[in-house]
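Enquirer: Got a structure here, written out as structure tokens. Questions coming.
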Amino acid sequence: MNQGANKTVLDRYLRLDIPDQKCQAMYIWVDGTGENLRSKTRTLNFTPKSPSELPIWNFDGSSTGQAERSNSDVYLYPVAVYRDPFRLGNNKLVLCETYKYNKKPADTNQRWKCMEVMTRAADQHPWFGMEQEYTLLDIDKHPLGWPKNGYPGPQGPYYCGVGANRVYGRDVVEAHYRACLCAGINISGENAKVMPAQWEFQVGPCEGITMGDDLWMARYLLHRVAEDFDVVVTLDPKPIPGDWNGAGMHTNFSTEAMRGPNGILEIESAIDKLSKVHEKHIKAYDPHAGKDNERRLTGHYETSSIHDFSAGVANRGASIRIPRGVAEEKTGYLEDRRPSSNADPYVVSERLVRTICLNEQ
């Protein structure tokens with residue numbers, strides 16, 4: 001239990017009435033790691049209905065790896081507003097972009113570039129669906145439910161499993177699912193993964209920039225929910241070395257043409273384009289230019305090799321998978337299985353649109 005935490009006592013205060021015109025707005029942003037999130041709250045005298053109504057704020061960037069101490073203020077520009085599933089009422093979660101003292105995007109602000117690309121490709125209506133895999137850990141960073149001095153049984157019974165000896169952490173998963181729905185995130189499902197204590201949730205279909213916004217906010221909610229259960233979430237793509245599956249962020253992608261009659265031809269064309277820029281995508285698909293994915297994309301445990309591009313129907317060992325139903329109906333989408341679990345969804349979606357929609361190499 002976190003020191004000083006008492007959820008029963010906290011609930012007493014969360015049920016207190018606050019004036020109708022007051023709103024607690026929690027500003028949320030990606031920090032200097034490009035992976036972790038930070039947040040802080042301010043009181044408003046109105047209930048915002050859109051990001052444009054919210055004031056620009058700032059924070060100490062020297063404490064988040066985003067500025068020098070001698071010039072530490074970094075600006076927060078609100079870009080998306082969600083209902084707050086923790087405080088409820090009129091209270092809001094506010095996703096923000098970060099800008100430096102000179103009003104230029106911070107180094108880890110990947111959203112502005114993604115927004116430019118999505119605007120240019122808007123007439124093609126790019127849709128995304130991202131499958132966020134993650135692993136639950138005890139507070140001591142040991143996989144949740146695993147024996148302290150050993151390992152669970154081999155992989156096999158855990159995927160979509162049922163039972164206390166097969167799944168660990170379902171309370172966190174269910175609470176997160178409901179929190180996302182309450183917040184207004186387009187979450188579409190969840191399931192237990194092949195490795196015990198590993199789970200996945202899916203967000204989408206989302207069009208354009210909404211994909212990155214919803215996924216980052218869903219990640220924030222996951223960490224906050226896990227905090228309430230004294231559980232740690234890791235997005236490490238290979239948290240446990242050895243004969244255990246890694247974690248990815250498989251990304252489903254389509255354009256209006258792919259979803260139309262005989263869209264399989266557009267899908268095949270997209271795969272051909274992707275095959276020519278494999279290395280560029282690998283560098284974009286984790287925060288460390290491919291170093292994280294080197295541990296995961298080995299050609300084993302339902303992954304492709306990081307060094308080779310491949311594609312196939314219903315092939316979970318390929319870089320790009322065409323679902324069986326898509327191949328049969330000749331319309332639909334493709335699945336890019338290369339992105340790492342800790343990849344930035346703005347970077348992944350931007351890279352796909354640049355390659356497939358804008359023909360940039």
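Glycine is treated like the rest: Cβ placed from N, Cα and C.
What Swiss-Prot records for this protein is below:
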{"type": "BINDING", "residues": "E131, E200, F201, Q202, V203, G204, P205, N252, F253, S254, R316, R321", "note": "ATP binding site"}
{"type": "BINDING", "residues": "E131, H250, E335", "note": "Mn(2+) 1 binding site"}
{"type": "BINDING", "residues": "E133, E200", "note": "Mn(2+) 2 binding site"}
{"type": "BINDING", "residues": "D243, W244, R316, R337", "note": "L-glutamate binding site"}
{"type": "BINDING", "residues": "Y333, L334, E335", "note": "ADP binding site"}
{"type": "DOMAIN", "residues": "23-103", "note": "domain 'GS beta-grasp'"}
{"type": "DOMAIN", "residues": "110-361", "note": "domain 'GS catalytic'"}
Enquirer: What does the structure give for the C-alpha distance between Y333 (ADP binding site) and R316 (ATP binding site)? Integer Å is fine.
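Expert: Between the Cα atoms of Y333 (ADP binding site) and R316 (ATP binding site), the distance comes to 15 Å.
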Enquirer: Please report the three-state DSSP label of W244 (L-glutamate binding site).
Expert: coil
Enquirer: Restricting attention to the domain 'GS catalytic' (110-361), give the mean pLDDT.
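Expert: Mean pLDDT, the domain 'GS catalytic' (110-361): 97.
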Enquirer: Quick check for the class: what is the C-alpha distance, in angstrom and rounded, between H250 (Mn(2+) 1 binding site) and F201 (ATP binding site)?
Expert: 11
Enquirer: Out of E133, E200, D243, E335, which of these binding-site residues is nearest F253 (ATP binding site) by C-alpha distance?
Expert: E335
Enquirer: Counting each residue once, how many in the domain 'GS beta-grasp' (23-103) are helix, strand and coil under DSSP?
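Expert: With helix first, then strand, then coil, the domain 'GS beta-grasp' (23-103) has 9 helix, 39 strand, 33 coil.
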Enquirer: Among the binding-site residues D243, E335, whose Cβ has the fewest other Cβ atoms within 10 Å?
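Expert: Result for the binding-site residues D243, E335: minimum number of other Cβ atoms within 10 Å at D243.
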Enquirer: Write down the Cα-Cα distance for E131 (ATP binding site) and R337 (L-glutamate binding site), rounded and given in Å.
Expert: 10
